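K.L.:
Sharing a structure with you now.
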């Protein structure tokens, strides 16, 4: 049986995977990046480093690789005159993009397990009394749940395009859902929180009347209602907040090791290991015995028995708390 080292967040091996990725990653950055605040959550920290400003992708890459490797990486939806100012008023807001967030786990009942990483027993509380350590939680994200999120995203895109004449961009969040972003300029960028709330409520179907007897092919809400679409399930606060942080496209999500990825065609999206940039194999040491769906495949793990699995799967399982990546095997 393998030796448990109480994986507290991330190991140096996981950090090396992330650093090697960012050495060559082509991050999708806004053309006006000098007007954006950048932020990150470093490895081994529960707090964010904020109020960062960069003028080029090279400057950003140097900072990430050599000074502050990110577990999570963001830039602001807002444009500021002084994005590095620590006081929000001093930043001087100039407008914001329009954001929508769809979390697939809000659409499904997912299997959740809380356990002790030392003894492997299921535990209800946040601490194992037997071993005096904090417990870990694993939530199984299924392909079926992601499909539900994708369907909600498809409905949202239709509303934004057909009812508002907007050109939304869709991104897989890197973990459990989708981000939809509209690059805003002029009056769109200057929408305040109340106006954005009205847009959020519209796409959620709040206050939209029923249209019994209408055609499924009718435009707008008449057709949607008669197709059984009563609204889109979004995180309303994300849309309302004019100073929201956005995950940088092509960055890595620290809870999965998957890429925050542009989805140009929703019909082509698949929740599988191609969303991971990592190749080769890892030796993975499971904390518990479990059979679970991982990126579209069923994986069987036995507590304390090392297993050789693809790096994409091993890193995902590590970041999802199911065990530790012990070694990299080419």
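For all residues, glycine too, the Cβ spot is worked out from N, Cα and C.
In case it helps, Swiss-Prot gives these features for our protein:
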ACT_SITE  101  active site
ACT_SITE  103  active site
BINDING   116, 119, 128, 131  Zn(2+) binding site
ACT_SITE  235  active site
K.L.:
What's the CA-CA gap between residue 116 (Zn(2+) binding site) and residue 103 (active site) in angstrom, rounded?
P.N.:
27
K.L.:
Based on Cα distances to residue 103 (active site), point out the closest of the recorded positions 119, 128, 131, 235.
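P.N.:
Considering only the listed recorded positions, the nearest one is 235.
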K.L.:
Is residue 131 (Zn(2+) binding site) helix, strand or coil when read with DSSP?
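P.N.:
The residue in question, residue 131 (Zn(2+) binding site), is coil (DSSP, three-state).
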K.L.:
In the same chain, which residues outside the set 116, 119, 128, 131 have their CB within 8 A of the centroid of the CB atoms that define the Zn(2+) site?
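P.N.:
Everything else in range on the chain: 117, 118, 120, 121, 123, 129, 130, 132, 133, 135.
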K.L.:
Between residue 128 (Zn(2+) binding site) and residue 101 (active site), what C-alpha distance do you get in Å?
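P.N.:
The Cα atom of residue 128 (Zn(2+) binding site) is 35 Å away from the Cα atom of residue 101 (active site).
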K.L.:
Please report the distance from the Cα of residue 119 (Zn(2+) binding site) to the Cα of residue 235 (active site), rounded to the nearest angstrom.
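P.N.:
The separation of the Cα atoms works out to 37 Å.
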K.L.:
So among the recorded positions 101, 131, who's got the most Cβ atoms within 10 Å?
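P.N.:
Output for this query is 101.
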K.L.:
Using the structure shown, find which entry in 103, 235 (the active-site residues) has the sparsest Cβ neighbourhood within 10 Å.
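P.N.:
It is 235 that, of the active-site residues 103, 235, has the fewest other Cβ atoms within 10 Å.
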